[in-house]
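Annotated in Swiss-Prot:
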BINDING   ASP62, ARG70, ARG134, LYS164, HIS165  substrate binding site
SITE      ASP175  site 'Important for catalytic activity'
ACT_SITE  HIS177  active site, proton donor/acceptor
ACT_SITE  ASP249  active site, nucleophile
Amino acid sequence: MSTLLIDLQGQELSQEEVELLSHPLVAGLILFTRNFHDRAQMQALIQSIRQRVKKPLLITVDQEGGRVQRFREGFTQLPAMQAFACLIDDPVQQTNMAQQAGWQMAAEMTALGIDLSFAPVLDLGHQCQAIGDRSFHSQAEMTLNLASAFIDGMHQVGMAATGKHFPGHGHVIADSHLETPYDERPKQQIFAQDIQPFQQLIQQNMLNAIMPAHVIYSQCDPQPASGSAYWLKQVLRQQLGFNGAIFSDDLGMKGAGFMGNFVQRCEQSLQAGCDLLLLCNEREGVIQVLDNLKLSETEPHFALRQQRLQQLFKRKTIRWSELEATSRWLENRKILTALQQRWLDNKANKH
C-alpha cells in the first residue's frame, strides 16, 4: 500500500532516492526550493523521476503564492492570498483575480510536470506566525468566496484542490513547524467560524483533498488534529461527509513530535484517518518508517485509500511553450505580478 510522500535532498536524483521512491510504501514526493535551480533543471529532474522510478508517483509542491512559493525564477510571482481582499475593492474583481491566480499556478505547475500544489489555505485570520498573509481573510464568508474562485481556476486546468489546515490553524500564535500549538477556544466557536469554509466547499464538492493541522484543540480532543480520529473520522468523514483524500501535514515538523517517533507518528495518523503521509527533511526517519511500518492489503480501507490517491494525479498535460503563447497566461502574469508588488510595497510602508 502506497501512503508516504518523501522529499529529495538536491537538484538531481540520487540512486538512493530512486530506491526509496521505488519502495511499495512510497506514493510520491514533495519538492522544495532546494531542489530548484531553474525551470529547465526542474523539468529534467521530474523527467528523471518519471523514467527511473518504475511506478506512478504523485509529485507535489507548496506553490501557494506570496511567501510560500517554492519556484520563483521563471514563474509568475503569485500574490499572497490576503492581497485579493485587502487591495481590491470590487468583490467581483476580487473573486476574478483569485480565480486567475488559481488557474495561473495550476497551469504553470502542470506544464512543469507536477501533479498537485497543496492549496488553498482555508485558515481564518492573519495573526498566526505560520499562516499570516497566506490566508484569504479573517471572515469565513469572504474566505469561502475567494477560495472557491481560486479552486475553480485550479480545476479548469485539471489540478486537484487541497484545503488546509483543518479544522483551522488561524487562531493560534505558535508555529507548528517549531512546536505543538494549542487552540483553547470552545468547540462551538471553531464549528461556527473556522470549519465553515471547509464545510461549504465539501458540500459544493470542490475539495479533492484536505490537510489537517498539527494543532491541539484542547476543548475538543487531546490529540493534534492530524492524529485525531475525532477530527478526521467523526467530524470530517461522518459529520461533514468528506470522501476525498486526507493528507497528514509534514510529520517531520516539531508540532508532530507529540505523537512519538516517526513510525509512531505514521501509525497514529493512519489510525486516525489519514490516507497519505508527508515526512520531510528527515531522511533517517523515512528509512525507519520504510523498514518498520507494517501495512496490509487486507486492511479495511486499503482499496479506498488507493482510489483516493489516483484522484489526485493531474488531469491534463500542457507544454510550457504552449502555455507561454496563451493570452490568458500572459495577461495574468502581468496583473498578478503587479498585485504582489503592491502587496509587498503596502507591507513595507506599514513598517
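Glycine is no exception: its Cβ is also placed from the backbone N, Cα and C atoms.
Overlay of Swiss-Prot annotations on the structure.
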{"residue": "ASP62", "record": "substrate binding site", "Cβ contacts under 8 Å, 6 or more apart": "ILE30, VAL68, GLN69, ARG70, SER117, PHE118, ALA119"}
{"residue": "ARG134", "record": "substrate binding site", "Cβ contacts under 8 Å, 6 or more apart": "GLU64, GLY66, ARG67, VAL68, ALA80, MET81, GLN82, VAL121, ASP123"}
{"residue": "LYS164", "record": "substrate binding site", "Cβ contacts under 8 Å, 6 or more apart": "PHE118, ALA119, PRO120, VAL121, LEU122, ASP123, ILE210, MET211, PRO212, ALA213, ASP249"}
{"residue": "HIS165", "record": "substrate binding site", "Cβ contacts under 8 Å, 6 or more apart": "VAL121, LEU122, ASP123, ILE131, MET211, PRO212, ALA213, HIS214, VAL215, ALA225, ASP249"}
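ARG134 (substrate binding site) falls within a helical segment according to DSSP.
Between the farthest pair of Cα atoms in the substrate binding residues (ASP62, ARG70, ARG134, LYS164, HIS165), the distance is 19 Å. Highest local Cβ density among the recorded positions ARG70, ASP249 belongs to ASP249, counted as other Cβ atoms within 10 Å over all protein chains shown.
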